[in-house]
């Protein structure tokens with residue numbers, strides 16, 4: 001299903017949760033909406049679902065208007081389904097009944113006879129790997145199993161749009177990585193369009209075809225995971241997604257002069273707004289530390305953390321904190337003064353994005 | 001997709017005009033049923049034959065009798081509140097924090113005086129502790145005759161009321177204790193404070209608003225209590241505000257309704273002051289505690305556990321079990337004061353209560369009043385609770401507050417307000433629909449007074465169902481009917497039913513309101529037991545009360561069984 005959002009606004013009393021949101025998605029696309037808590041991402045998802053109505057603007061699904069200031073098609077008439085943060089399983093129904101409920105009641109599901117129904121239930125349970133738990137109640141399942149049931153219920157009626165509201169945030173770290181693969185698999189099998197809300201940039205980068213970064217009710221940037229990570233357009237995206245350090249200074253063509261120095265850092269991949277604001281974003285792994293040299297920018301190491309294949313340092317650079325990740329073969333000690341310089345291959349980053 | 005037109009029709013946003021019209025209509029109805037009576041009562045206390053006057057206040061407040069009644073009330077209310085608070089807090093602390101065993105059973109016994117009406121507890125205590133009571137008889141066998149304890153006295157009223165209301169304090173404070181994170185005290189200990197120091201400086205200050213709030217609930221309960229002062233105070237010639245108002249109303253003297261109105265305003269004002277203090281304290285308490293209930297014991301009593309368990313058992317035996325058994329067994333006696341020998345025992349008292357036309361009518365009346373109130377309340381109360389939990393907003397908040405008023409006010413005050421309102425529903429229009437004096441006023445009064453209990457029960461039930469559980473049903477396309485039938489009703493039923501049973505049993509055994517409102521065709525069980533006791537047929541009163549206690553126990557057993565079977569399906573779901 002395609003979705004189009006035009007000039008969408010949402011107010012709660014005087015608080016504006018969404019500010020002029022515009023967005024178009026294509027058929028079968030996996031969209032992640034990424035942002036900190038309170039940025040409006042869940043509000044946007046609930047408007048897409050139809051649980052609340054916009055204060056202004058329109059939403060179109062497959063070209064049909066479903067929501068505007070004056071009308072709102074309810075969720076059950078939008079051919080979509082949703083995976084909830086709390087799983088939202090019905091405690092009095094067993095797993096099979098959850099899926100049966102969706103198959104029976106979903107408006108866009110073809111009517112099945114009882115044999116087809118049972119086959120479909122078994123098929124869905126096989127996809128999420130819960131065949132042997134068919135008769136269990138939600139209270140008898142682990143967190144990961146509950147989330148699988150929630151996914152199974154959502155995909156059972158083959159909705160063309162699948163909405164997911166931080167579906168992994170109630171699971172522990174290990175399980176989250178596993179469930180990412182599960183969701184990717186489901187996306188491949190069902191071919192449904194997915195809108196996935198998360199505050200975890202790892203999840204968004206790992207699974208999405210396109211990421212929408214939101215902050216303070218506005219869209220900061222839309223792009224592929226690679227674009228968002230490598231070419232952030234705003235300071236917020238650079239720091240939230242790439243955890244970048246923001247150096248202040250002045251740009252002249254492709255040369256950056258850090259504040260209070262006569263140095264020249266070269267780089268041709270920084271977007272317009274950074275050049276205008278005189279900011280050079282550098283992710284922790286885009287910085288190299290060397291023994292202190294007079295003619296380079298210097299900093300003092302404040303903390304050092306061992307992380308397996310690299311050390312994470314925090315440095316005090318002229319009163320600002322700078323985070324640097326360095327391979328373990330070069331080691332510096334706390335209190336040591338070191339030099340800092342960008343570690344970027346001309347035009348493109350030498351390291352692949354993580355996660 | 002062709003749902004566009006359908007969608008428009010289905011979800012056309014209400015125009016704000018028609019929305020406001022509905023709101024206004026609801027508020028007017030609620031105002032008329034729940035708030036208007038109280039205003040009418042206040043007005044009646046100022047209106048004489050020749051219009052507005054403050055004469056009644058002057059008369060009432062200058063009478064010595066009023067001041068005697070007020071001082072009786074103050075003594076009884078303050079001392080019984082003290083007893084309830086100490087018992088309630090001690091039990092709450094033991095259940096919340098210590099590792100004593102059989103907490104569920106102890107809780108059941110704590111609830112006993114809460115679900116058994118206080119007039120029945122009064123009867124049972126007289127039968128056990130009284131001059132010709134069982135305890136005294138047993139002591140006589142051992143040659144230790146003490147003459148018994150005259151319960152028709154201040155001490156009797158105070159102690160019985162204290163026992164009747166301590167469950168309220170307990171219910172309120174046990175969760176206050178459980179909500180204080182144990183880490184608070186641990187942090188104090190880790191910072192070097194001793195056991196006593198951290199108890200005094202951390203636990204007590206955090207628990208105090210909640211505890212004080214529970215204490216005021218007991219205060220309001222004692223002020224409202226009519227059963228105990230009627231059963232113990234009237235024979236002992238000790239009058240408190242609630243019984244004084246009752247005597248004024250049934251006295252039918254000149255201006256007695258106006259005097260009753262003045263006394264009710266006085267009682268109401270004291271109650272409202274108590275209520276406001278309680279609300280204030282509760283708000284303060286809620287600000288402090290926001291965390292989850294912590295059910296694990298925090299103090300291990302070691303060997304002392306056995307001593308405490310023994311003392312608790314002894315307490316329940318002496319305060320509940322023995323008095324109730326004593327009352328039940330003396331119901332079999334052929335005459336009061338006879339000894340327990342086979343020739344003195346029979347089922348005559350029970351037979352009389354079950355077959356005499358007056359008690360039969362009373363039972364049928366109470367069943368009808370309680371059944372209809374609980375039935376209507378079930379739907380309206382659950383509907384209000386749903387709107388309150390899922391939609392919120394100022395309108396429903398106002399409705400909830402309005403519904404609270406008739407329950408929070410003393411029963412005598414409400415009953416009088418009902419009389420003034422329904423004798424002449426529309427002010428300045430001379431129209432008496434004949435509701436006062438008929439059974440109709442009982443239905444109205446019970447509905448007005450007890451609706452809150454259902455609303456509270458249903459609110460709790462809905463709050464336990466996450467909104468996402470409902471949305472999951474909606475997004476899967478279910479129509480409203482399917483959502484309710486398949487998802488919501490099975491989940492809320494156990495909680496909603498507790499509310500309904502509470503309404504039913506409270507209305508079934510109710511005395512205060514019906515004592516003022518009953519007519520020859522609408523005598524209730526409570527009124528019937530009161531008249532037996534007041535006219536000296538105490539064995540009939542005992543037998544009738546025994547049957548009521550058995551009914552209460554049976555109804556609760558049924559409720560627990562039903563809940564057990566519903567909940568067994570649901571199991572505990574921690575998602």
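Using N, Cα and C of the backbone, Cβ positions are placed for all residues, glycine too.
What TrEMBL records for B:21-47 (among others) is transmembrane segment.
The transmembrane segment feature in TrEMBL is assigned to B:67-96 (among others).
According to TrEMBL, the feature domain 'ABC transmembrane type-1' maps to B:70-278 (among others).
Annotated transmembrane segment per TrEMBL: B:108-131 (among others), in sequence order.
Annotated transmembrane segment per TrEMBL: B:151-177 (among others), in sequence order.
For B:198-220 (among others), the entry in TrEMBL reads transmembrane segment.
Away from its own ends, the transmembrane segment (B:259-282) comes close to residues 38, 41-42, 44-45, 56-57, 59-61, 66, 70, 209-210, 212-213, 216-217, 219-220, 223-224, 241-242, 244-245, 248-249, 408-410, 412-413, 416-417, 420 of its chain (Cβ-Cβ under 8 Å, at least six residues beyond either end). The transmembrane segment annotation in TrEMBL covers B:259-282 (among others).
Per TrEMBL, transmembrane segment is recorded for B:306-325 (among others).
If you look up TrEMBL, you'll see B:363-559 (among others) marked as domain 'ABC transmembrane type-1'.
Within the chain carrying the transmembrane segment (B:369-389), a Cβ under 8 angstroms from the stretch's Cβ atoms is held by residues 396-397, 399-400, 403, 439, 442-443, 446-447, 450-451, 453-459, 461-463, 492, 496, 499-501, 503-505, 507-508, 510, 522, 524, all 6 or more beyond its ends. For B:369-389 (among others), the entry in TrEMBL reads transmembrane segment.
Residues annotated as transmembrane segment in TrEMBL: B:401-423 (among others).
The transmembrane segment feature in TrEMBL is assigned to B:435-452 (among others).
Taken from TrEMBL, the feature transmembrane segment covers B:487-508 (among others). Residues 115, 366-367, 369-371, 373-374, 377-378, 381-382, 446, 450-451, 453-458, 460-462, 464-465, 469-470, 473, 478, 525, 548, 551-552, 555-556, 559, 562-563, 566-567, 569-570 of the same chain lie 6 or more positions beyond the ends of the transmembrane segment (B:487-508) yet place their CB under 8 Å from a CB of it.
If you look up TrEMBL, you'll see B:539-566 (among others) marked as transmembrane segment.
Spatially, the transmembrane segment (B:108-131) is not adjacent to the transmembrane segment (B:401-423); fewer than three Cβ-Cβ distances between them are under 8 Å for residues at least 6 apart in sequence. Here the transmembrane segment (B:306-325) has Cβ contacts under 8 Å with residues 94, 98, 100-102, 106, 109, 112-113, 116, 121, 124-125, 127-129, 134-135, 163, 549 of the same chain, all six or more residues outside its ends. Most Cβ pairs under 8 Å to the transmembrane segment (B:151-177), among the stretches B:21-47, B:67-96, B:198-220, B:435-452, B:539-566, belong to B:67-96. Within the same chain, residues 103, 106-107, 110, 154, 157-159, 161-170, 172-178, 211, 214-215, 218-219, 221-223, 229, 238-241, 244, 266, 308, 312 sit at least 6 positions outside the transmembrane segment (B:67-96) and bring their C-beta atoms closer than 8 Å to a C-beta of that stretch. Residues 53-54, 56-57, 257-258, 261-262, 264-265, 268, 395, 398-399, 402-403, 405-406, 409, 413-414, 416-418, 420-421, 427, 444, 448 of the same chain lie 6 or more positions beyond the ends of the transmembrane segment (B:21-47) yet place their CB under 8 Å from a CB of it. Here the transmembrane segment (B:198-220) has long-range neighbours at 77, 80-81, 84-85, 88-89, 165-166, 168-173, 176-177, 180, 184-185, 187-189, 271, 274-275, 277-278, 281-282, 284-285, 288-289, 408, 410, meaning same-chain residues at least 6 beyond its ends whose C-beta is under 8 angstroms from one of its own.
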